Every structure is written in structure tokens, then in C-alpha cells.
Amino acid sequence: MISIRQRKGIQTTEVSEDYTAQEENVKLEDKLPSSCTNRRLWKILSFTVGGTVALCIGLLTSVYLATLHENDLWFSNIKEVEREISFRTECGLYYSYYKQMLQAPTLMQGFRGLIYDNKTESMRTINLLQRMNIYQEVFLSILYRVLPIQKYIEPVYFYIYTLFGLQAIYVTALYITSWLLSGTWLSGLLAAFWYVTNRIDTTRVEFTIPLRENWALPFFAIQIASITYFLRPNLQPLSQRLTLLAIFISTFLFSLTWQFNQFMMLMQALVLFILDSLDMLPAMKVTWLYGIQLTGLLLVCMLQFFNSMILGSLLISFNLSVLIARKLQKNLKTGNFLNRLGKLLLHLFVVLCLTLFLNNIIKKILNLKSDEHIFKFLKAKFGFGATRDFDANLYLCEEAFGLLPFNTFERLSDTLLFYAYIFVLSITVIAALAVAFRNLSDSANQQSMCKMGKYTIGLKPDTAYNLIHTILFGFLALSTMRMKYLWTSHMCVFASFGLCSPEIWELLLKLIHLYNPKRICIMRYSIPILILLYLCYKFWPGMMDELSELREFYDPDTVELMNWINANTPGKAVFAGSMQLLAGVKLCTGRTLTNHPHYEDNSLRERTKAVYQIYAKRAPEEVHALLRSFGTDYVILEDSICYERRHRRGCRRRALLDVANGHMMDGPGENDPDLKLAGHPRFCEEIKKNLPSYTAYFTRVFQNKTFHVYKLSRNK
């Protein structure tokens, strides 16, 4: 449908072994006023330069991505309908509510239209603020209406520039996290360079602007930076309170802007659980973080009119279970190694059982089925039985939900990111295992190990948190390609921190018996600088070529379809079709839909499967009856789905419908023995022959190379 063409002529925390020595040196220097003043001035200068670089690199990244978007689509020159069509699939649906709020006569009428919406799903009134995460569109529309900027910037530019501005915040947060971990802003600069040079694998904002993750991930990065600072030892009370506030606000905004927030924060809760169980984080700080997660999510639940999917989330059940289990097992962190290991396994078992028990109870009370498709998908994905469920197979067959492709690592290796990441990961994992073993051993053994001088291995709490975070999100990315953006951005942070960290180099040099303070200083600065020079040398020309390449948006068939709908159908007409296309219909024409891409509702999934029978082997009267049950006036058939060749056999949309209906699939290949031959030909193919049995129910009113629109008769 949409293509890009070349543009025509213009129209618990352990410290490093030198900590004590460093303290003594500091005390010595305190006696020397000039030395102390010089150190203070150097810190102020370093902070000023590092902060300035952080802001500059964030803004430059934002401008770079915005320029790529403009050059790719010629966004400033194309028509409004083409701009809207460029917001593909669910992106168009979300943007339509921003547009709807701006077109409302008053803000209150706009709010009422969202709370009592009867155009997103025909013959049904739904609360969009409850169902979807669209408060950001509401907030932006209010800002645009209130601020005196209408004469200077178009609504669509206000929207996309806000998203690109969030990218500046995102990169700055990554920079700060790396800086906090390593102690030098050079690592933040390297993290930002890696983020940009690995753009294909770190972000997709330039071509999926309104996607929920593009709103959420900047706040997630701020949260990680805040947690990293919060886990530092000996914070002043005021600093600790302000950091907790930053964690709460960023957690709340992250939860408010993405429907998958609960799954990402569940991973984060698992990180805290692992580290707390191994006594690698202060217990009180872990409790605060559990509480913030619960409070932030419950506040979002209230704002979303008590969304049942949030109340029935595994995160709430897990966090409550952990807090209860900790109260029940107060002496969890006492005893010798085997004793503590046994208690730890029992603790894990108790938490798991409590989580499943609470989650099942909550779901039964609420009769919750909103996330059922996700668990069906996970069950089939990880080999716990094949499924014929249409919704689960719809996800299984999408490349975005498959395993992370191997060529991802080739691209990451070209920038040296993957090599650096594996290097740092290996060393920190060794340190983490040593610290975990020591923490699980009895106190006497710990003391003896502490006295072993230079062989003592330590791992700071903030480093331990980021280590387990990157490992768990790495597993998530490997299993589901769409989630790689959560991992690859943090990979930039973790790899750059390790190369600039004195603790990492100290441990490595001690292991190979080459330890020397001067060598540490040389390694932590020279290697990052050499990598930065390499990245500039290798990728700067390509980036300049990319910025000079001018293309334009080109999708005449979809533009023709939207113009025809606007000109030739009533404003209250109801349209049926594929989820992706109907999102564009909603945005470009404002017509009522039968279904849409926001799939987190059980009744909508059933409705979508019923509408998709237009691509199955069903009788015309059956399809007509199904579509009319949703009040459908027009149905749009797409050749790209009816004659699909993009997926392998068994994963094409029509094949998924055939299997779900108990019919044999088309073409050569095996079928399950219990599948039967369909009693009717495929509807989307047969209707084009204009046979009397079809024209009695459907009249073709529009046709081009891609789309066929049929009007449904009302008297059947």
C-alpha cells in the first residue's frame, strides 16, 4: 500500500578495594586548601561541560531524527490526507483522537466525545480513556488550544515535534545513566553515539511517530537513571526524597502512556526480587521501589476509570506477593550457605504460588479476559502446545513477535557495540556471581573474604541493578523482536559504562596480574576515545549521505480511497475491513468502524475475527449476516490480504482463518487430519466475479488496483 519513491523535481553493596585508601587521600587533601579548591573547581567544570554536552547531543539527535522523517516523506510538501495516511496502522488511530479533540467545539465536548465514543466500534459506546492510553493526545490537544501558537505551527507539527523532543530527553537520560554508573561524562557521550549509529535497532520513531512506546520509553529511561542514582549509598535525605519523587513521576508517566507498561515493570520487579534475594540491594530501598510501582500503576488505573486489565495484571499480584512473603519469612537472610539457599528456594516458591493465587482470584472476581490472547501467544510461542486460536496465531506469524534475527548482532558488531557489551557483561557477571556466593555464605566467611585484600570483588548496587536489568531485557528481546528497543538502548548505556568504569578495569587488570592505577586511568579514557573516533570515521559520511537523500511519500491508491469515502459516503456510514486500514479510515474520514488495531479487548477480538471472514471460505449470506450484525454499510477488501504471499503457508491471514474455521488450507502442503474441505469458495475472490448469489447482498461501489469497496444491501 504505502511506498517510498525517489523525489521528482521540486514541486548490597560492595566497594572497590581502594575505597579506604581513597578516603584517606581525600582526608589528606582536605588539609590542603589549594588542592581542595582545585578539585572543587574541576568538578564544577566537568559537570558544566558534561551537562552541556548531554543537552547538545540530545537536541542534535532529535533534529537528526526529525530531518530523516522529513526527507523520507517530504512531509512539509504533501497533502494533509497523505500526512495522515503516513501514520500507519494503530498510529493513525491514536492520532485521530488528537485530531478529534482539536475539532471539538469545546474541551468539555471533546472529553465527552472520548468518554462516550460510538464511532470507534459500531453499535457500541466505549470509554476511550478507559480502554486506550491516549491521555498524551488529550494533553497535547489542550496545550495546542490553550497556547497562542496556532498561527505559527500546524497541529500535526506540534504533535510530531513533541515526539521528537521526547527523543532528546530519551538520549539525555541514557547519557546521564551511563555517566552516573561510570563517573565520567565521556561514557555518556559514547552511549549517545552508539544509540545514533545503531538507530535501526535502537528506535523506530521516525516512521512510527504516534506509537505508544515512543511516548513511554523516554520516561522509562528517566526512571532507570533515577533508580541508578537512588541506589547510591549514603544519599542525603533531601536528595533521596527528590530522587524518589523523580522515580514516582517517571514511573507514573511511563505507565500512563503505554498499555504494555505492566509487563515491562514486571521485568523490573523481577530484577529487584533477584537482587534483594541475593542481598545485593538495601532492603528498604527495594521496598520503596515496589511501593512506587504499585502506587503509580494504581493511580493510572484510577485515571483509566479502573481499567480491569491493570487490576488483573501480574505486576500487582507479584509485588503484593513479594511484600507478604517478606513479612512471613523475616529470617530469610541468616544462616550458612546451604541454609540460606534452602530459604531462598522456599521464598521463591511462596512468591510464585501467592502470585498465581492472587492473580487468579482477581481475574475471576473481575471476569477479566482482556490479556487472554497474550498468554495464549506466550504458551504457543514457547512450545507448550500448538494452537489454532486466530488471535494467538496472528501474533505468532508476525515477524515483530518472532525471535530476534541474527543479522541484528551483525549490525551491532559493526559499531563495536556488541563486542564491548559482551566484554563488560562477562566481567560484571563474574563479579556478580562472586558477590552473590559471598552474600549467601555465612557471616564469618564473608569477613574472611573481606580481609583478602586485593582479591576482594565488589559490585555496587547501581551496577548490580543495571546488570540484571540488561540480562532480563536481553532475554525478552531475544524471544520477541519488537521488544529489542528496550534492550539495545540500555545495551549502549551498559557497554559505555563498562569501558569507562574504573571498577571494571581494576577487576580485569587484577585478574591478569597487571593492576596499576595509571593503567586504569589510561584504559578508561583512551579506549572510549578511540571508539568515538572510529564511529565518526566510519559512520559520519554515511549519515551525511542519509541526510542528503530526498524521497517522498507515495500511496495514490490509499489517497484515492480516502478521498472517495469523504466525497461519496454519509458521515455516519459504518465501514468494515482490516484493522490496519480502518485506523486510517477513522483518521482521514471520521467514519464509524467495526473494528480497529487496539487489540486489548476480548469482545473486539471476537468481532475482528468475525469481520475477517471476508477473507475466509464462507457463503455470501453468512458474511453479509455477520457484517450487518455490526451495522456495516460498506466493506473494504484488500488484494494484499486476499492474495497474500508475504508470509509462508500457514501464516497468511486467509490460512489462519481457514484453520480456525476447521477448513483445509490452500496450496500444496500438509494439513491436519481433522481439517475438512470448505463447502464454499473464498469470499474475497468469488465476490469479484459478480455472481448473482453475491450481487444480491453486495454492490461494488469503488475499485482501484489495491482496494474494492462493496455496499451491503439492507433488505436481506
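Every residue number used here counts from 1 along the chain in the order it is shown.
From the backbone N, Cα and C atoms, a Cβ is placed for every residue, glycine too.
Annotation source TrEMBL lists transmembrane segment at 44-66 (among others).
What TrEMBL lists as transmembrane segment is 168-195 (among others).
If you look at the transmembrane segment (215-232), the same-chain residues 6 or more away from its ends with a CB under 8 A from one of its CBs are 136, 163, 166-167, 169-170, 173-174, 176-177, 180-181, 240, 243-244, 246-247, 250-251, 253-254, 257-258, 261, 264, 281-282, 285, 289, 460-462, 465-466, 469, 485-486, 489-490. Residues annotated as transmembrane segment in TrEMBL: 215-232 (among others).
Summarising the annotation, TrEMBL assigns transmembrane segment to 238-258 (among others).
Under 8 Å from some Cβ of the transmembrane segment (270-291) lie the Cβ atoms of residues 12-13, 227, 230-231, 244, 247, 318-319, 322-323, 326, 332-333, 344, 347-348, 351, 432, 435-436, 439-440, 459, 461, 464-465, 468-469, 472, all in the same chain and six or more residues away from its ends. Per TrEMBL, transmembrane segment is recorded for 270-291 (among others).
If you look up TrEMBL, you'll see 297-323 (among others) marked as transmembrane segment. Using a Cβ-Cβ cut-off under 8 Å and counting only residues 6 or more beyond its ends in the same chain, the transmembrane segment (297-323) has close neighbours at 127, 129-131, 133, 135, 252, 255-256, 259, 261-263, 265-266, 269-270, 273, 287, 290, 350-351, 354-356, 358-359, 362-363, 366, 368, 370-371, 600.
Within its own chain, the transmembrane segment (344-362) has Cβ neighbours under 8 Å at 273, 277, 311-312, 314, 316-318, 320-322, 324-325, 328-329, 332, 368, 440, counting only residues six or more beyond its boundaries. Marked as transmembrane segment by TrEMBL: 344-362 (among others).
The transmembrane segment annotation in TrEMBL covers 418-441 (among others).
Marked as transmembrane segment by TrEMBL: 462-481 (among others). Same-chain neighbours of the transmembrane segment (462-481): 13, 177, 180-181, 224, 227-229, 231-232, 267-268, 270-272, 274-275, 280-281, 381-382, 399-405, 408, 425, 428-429, 432, 435, 487-488, 490-491, 493-494, 497, 501, 503, counting only residues six or more beyond its ends whose CB sits under 8 Å from a CB of the stretch.
Under the heading transmembrane segment, TrEMBL lists 487-509 (among others).
Non-local neighbours of the transmembrane segment (521-540) in the same chain are 182, 184, 186-187, 189-190, 193-194, 197, 414-416, 420, 496, 499-502, 505, 509; each lies 6+ residues outside the stretch with a CB under 8 Å from one of its CB atoms. According to TrEMBL, the feature transmembrane segment maps to 521-540 (among others).
If you look at the transmembrane segment (168-195), the same-chain residues 6 or more away from its ends with a CB under 8 A from one of its CBs are 46, 49-51, 53-55, 57-59, 61-62, 202-203, 217-218, 221-222, 224-225, 228-229, 232, 415, 417, 462-463, 466, 489-490, 492-493, 495-502, 524-525, 528-529, 531-532, 535. Only pairs six or more apart in sequence are counted, and the transmembrane segment (418-441) with the transmembrane segment (487-509) gives three or more Cβ pairs under 8 Å, enough to call it a contact. Within its own chain, the transmembrane segment (487-509) is flanked in space by residues 16-18, 170, 174, 177-178, 181-184, 186-188, 190-192, 194-195, 198, 201-203, 217, 221, 224, 412, 417-418, 420-421, 423-425, 427-428, 430-431, 457-458, 460, 463, 466-467, 469-470, 473-474, 476-477, 515-516, 519-521, 523-525, 527-528, 531, which lie at least six positions past its ends and keep a Cβ under 8 Å from the stretch.
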